[in-house]
Amino acid sequence: MMTARKYKEHPDGKPTLSLSPLANIELSIPDMTQDTKNSLNSDKSNAEEAREVAHDEFSGLNLAQMAGRPGFRGLFDNAFVLGVTCFATLGGFLFGYDQGVVSNVLAIESFGAAFPKIYMDSNLKGWFVSTLLLTAWFGSLLNGPICDKIGRKRNIMGNIVIFLIGGALQTGATAERHLFIGRAIAGLAVGALTHVVPMYLAEISSANIRGALVALQQLSITLGILISYWIAYGTSHIGGTRCAPGIPYTGPLLNGSPTFDPYTDVPAGGCTGQKEASWRVPIGIQLFPALLLGLGMAFMPYSPRWLTERGRDDEALLSLSTLRRKPLDDPIVRYEFLEIKAELRYSREITALKYPNASKFQRIVNNYITLISTWPKFKRLAVGCLTMFYQQFIGINAIIYYAPTIFGQLGLNPNTTSLLATGLYGILNTLGTIPAIVLLDSVGRRPLLMSGALGCCSALLIVGSLVAAFGNDWPGHPSAGRAAIAFVYFYGVNFAYSWAPIGWVLPSEVFPLYLRSTGISITTSCTWMSNFIIGLVSPRMLANIGHGGTYFFFAAFAILAFISAYFYPETKGKTLEEMDTAFGDVTSEQEKQHMERICRELGLPSKALLSV
C-alpha cells in the first residue's frame, strides 16, 4: 500500500520503488489464475489498515485543483512539460507546413513548367493535394495497434524516418510519379503523427492544463502553415516571379486578364526567369524540423499511462514524478498514479469478463467492437468523429490548400498579391489560435466550439453573398472584393480559436486508456478522410460552382457543427480517468461496486473515478 512504500537499491545503483503489497497486484487480468486471485484476497486482508490510511489521505482531493493554476497561466508552472510539449508538436508543424506549402507551390510558374498537367488540370491538382491525405487516413487508422505495441515515443521516431523518405522524394522529383509516390509515403507518416502526438501530449499533461497543452499542437500546425506561406512567397521571387518574362500570357482569363499556360508560355529550354529552386526549396525545408524531432524524441520521457498499461509501474511512477517535477511521495503524483492504475485495472477486468478467452488479435478487434457496443462508448466515438468531420467540412482546408486561387478569384493578382494575401492569412490564423490556449481550460470546450461555428457561418454567408453579387466583375467593384477578403480573414480567426485546436483536444481526452489509441486512430482517420474529400473536390467546386455556392455549402455544415456542439458534454478540468462519468459510462450498480472495490484496494476514495 502507499503507506507501506519502500525504496530499495536496483543492481545498477538506482533507487526503485516498491508499492508493497499493491506492487504484487497483477494487471493482466485476462491471464489471471485462481491462485493469483486467492493471493490478492490474502494481500487485501493484510493491507486493509494501510488502505484505510491512504483512503483518508486522498479523501477530498481533486487532482485538477491540486495540479495548479488552470489553462494558460498553468502552462508556466511546469517549464519541463511545456518544453516537451513544444518539442513534440513539431509533428503538428510538419502537417501544417505541408498544408501551407502545397497551396503556394501550386501557384508557382516554374512548378507549372516542370509539371504542366498538375498545374492546369483541376482534377489532377486535386489528386496531387489529396494523395497525401488519403495515405494519411490509412496511416492514422493503422497506427492504433502499432502505437499500443511500441509506445508513443518510439512511434513518433519511427514515423519521422518514413516522413524523411517521402519528403526527399518530393524535393528531388523530376517526374510526376516521384511527386505522387513521395506524397503517398509522407502521408503515411503525417497521418500517424497526427494520431500519436495529441495522444502523447494528453497523456503527459495534467488535467488543469491539458486543453492548453494539446491546443499547442494546433498552434504548431498554424505556425507550420504560416512559415510555409512566407517561405514560399519569398522563394517564388528566385529568378523573378514569372517563368519567362519576355513571353506574354496566353492562358485562361481571370478577372479579365490572361493567365500563365505552361504548354504555350514556356520557352523550349525551360524557364528563363523563375528558377526551380522557387518550389524545391520550400518543399525541402520541411526535412530539417522532421530530423530535429526524430533525434530529439530519443531524450523525451515515455507516457506514464502507456508504461502503466504495459505493466512497468516503477517506470511509470518515475516518469510521472519527472513530468510533474515533484518527488515520488508527493500526494499529486501518488494520487494520479493510482487513478491511472485503477482505471486500467477496471477496464481490463470488465473486458476479461466480457471476452474471457480472447486471443491477442481478438483483443485488438474487440477494442473496435467495444467502441460501438454501448451508448456511452459510442457517444465518445461520435463526439470525436463529428468534431474531426466538422473541422474539415466547415471548409478550412479548402481555403488553406487553395488560398492563392481563392484570393486570385476575389480580384488579386494571382502571381504576387494573392501569395502575399495568403501570407497575411497565415499570420491571422496563427494569432487566432492563441485565445484557445488561454481560454480552453477556463471557459471550456463547448462555448468556444459554438461561438466559433457561428462566426465561421456568418463569414461564409457574407463571402458567398459578395461572390454571388459581384464575382463576375471584381475590377468594377474593388470595395466588394476587399470586403470579401476581410471576411475570409474573419472566418480564419473564428476557426483558429475553436474547431481547429479543439478538434485535436476532444478526441485525445474522451477515451478510456485501454481504448484511447484505438479511438483516436478512428477519429484521426475521420479527419483525414474528410480532408481527402475536401482536397479532392475543392478545385472543381471553386472552378465550377458559381454564385458563391462553395461558401454556402460550407456555411451549412457550420450550422450543423453548432447544433452538434450544443449537445457535447463539457470535459474541462476533468482528468483522463474521470471521463467515464462525463459520458455516463459507469451505469450499472454492479459496475459501480466493481470500481469502488478497485479504488478501496488501491487506497483511493471511491469518488476518484465515480464522481463528476
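Cβ coordinates come from backbone N, Cα and C, glycine included.
What TrEMBL lists as transmembrane segment is 75-97 (among others).
Per TrEMBL, the feature domain 'Major facilitator superfamily (MFS) profile' maps to 84-573.
Per TrEMBL, transmembrane segment is recorded for 126-144 (among others).
As annotated by TrEMBL, transmembrane segment applies to 156-173 (among others).
What TrEMBL records for 179-201 (among others) is transmembrane segment.
The annotation transmembrane segment is assigned in TrEMBL to 213-232 (among others).
As annotated by TrEMBL, transmembrane segment applies to 283-302 (among others). Outside the transmembrane segment (283-302), and at least 6 residues removed from its termini, the chain residues within Cβ reach (under 8 Å) are 84, 87-88, 90-91, 93-94, 97-98, 101, 105, 151-153, 156-157, 160-161, 163-164, 167-168, 170-171, 204, 228, 231, 315, 319, 322-323.
For 381-403 (among others), the entry in TrEMBL reads transmembrane segment.
With a threshold of 8 Å between CB atoms, the same-chain residues lying at least 6 positions outside the transmembrane segment (423-440) that come near it are 71-72, 75, 100, 211-212, 215-216, 218-219, 222-223, 225-230, 233, 399, 403, 448, 488-489, 492-498, 500-502, 505, 572. The transmembrane segment annotation in TrEMBL covers 423-440 (among others).
Panel annotation: around the transmembrane segment (452-471), residues 390, 394-395, 409-410, 477, 480-481, 483-484, 487-488, 490-491, 493-495, 497-499, 546-552, 554-555, 558-559, 561-562, 565 of the same chain, lying at least six beyond its termini, place a Cβ under 8 Å from a Cβ of the stretch. Feature annotation from TrEMBL assigns transmembrane segment to 452-471 (among others).
Taken from TrEMBL, the feature transmembrane segment applies to 483-506 (among others). Tertiary proximity for the transmembrane segment (483-506) is limited to same-chain residues at least six positions away from its ends with a CB under 8 Å from its CB atoms, namely 92, 194, 198, 202, 210-211, 214-215, 217-219, 221-222, 383-384, 387-388, 390-391, 394, 396, 399, 406-407, 410, 412, 421, 424-425, 428-437, 439-440, 445, 448-449, 451-456, 459-460, 462-463, 466-467, 527, 561, 568, 571.
Outside the transmembrane segment (513-537) by six or more residues, the chain places 126-127, 129-130, 133-134, 136-138, 140-145, 147-148, 191, 194-195, 198-199, 203, 305, 308-309, 340, 343-344, 347-348, 351, 364, 367-368, 370-371, 377, 380-381, 384-385, 387-389, 391-393, 395, 397-398, 401, 503, 507, 576-577 with a CB less than 8 A from a CB of the stretch. Positions annotated as transmembrane segment by TrEMBL: 513-537 (among others).
The transmembrane segment annotation in TrEMBL covers 549-569 (among others).
Residues 88, 91, 94, 139, 143, 150, 179, 181-190, 192-193, 196-197, 200, 280, 283-284, 286-287, 290-291, 293-294, 297-298 of the same chain, all 6+ positions outside the transmembrane segment (156-173), place their C-beta atoms under 8 angstroms from a C-beta of that stretch. The stretch from 75-97, 126-144, 179-201, 213-232, 549-569 with the most CB pairs below 8 A to the transmembrane segment (381-403) is 549-569. Ranked by number of Cβ pairs under 8 Å to the transmembrane segment (75-97), the listed stretches 126-144, 179-201, 213-232, 549-569 are led by 213-232. Using a Cβ-Cβ cut-off under 8 Å and counting only residues 6 or more beyond its ends in the same chain, the transmembrane segment (213-232) has close neighbours at 75, 81-82, 85-86, 89-101, 104-105, 108, 197-198, 201-202, 205, 279, 281-282, 285-286, 400, 419, 422-423, 425-427, 429-430, 432-434, 436-437, 440, 496, 500-505, 508-509. On the 0 to 100 pLDDT scale, the domain 'Major facilitator superfamily (MFS) profile' (84-573) averages 85 in the predicted structure.
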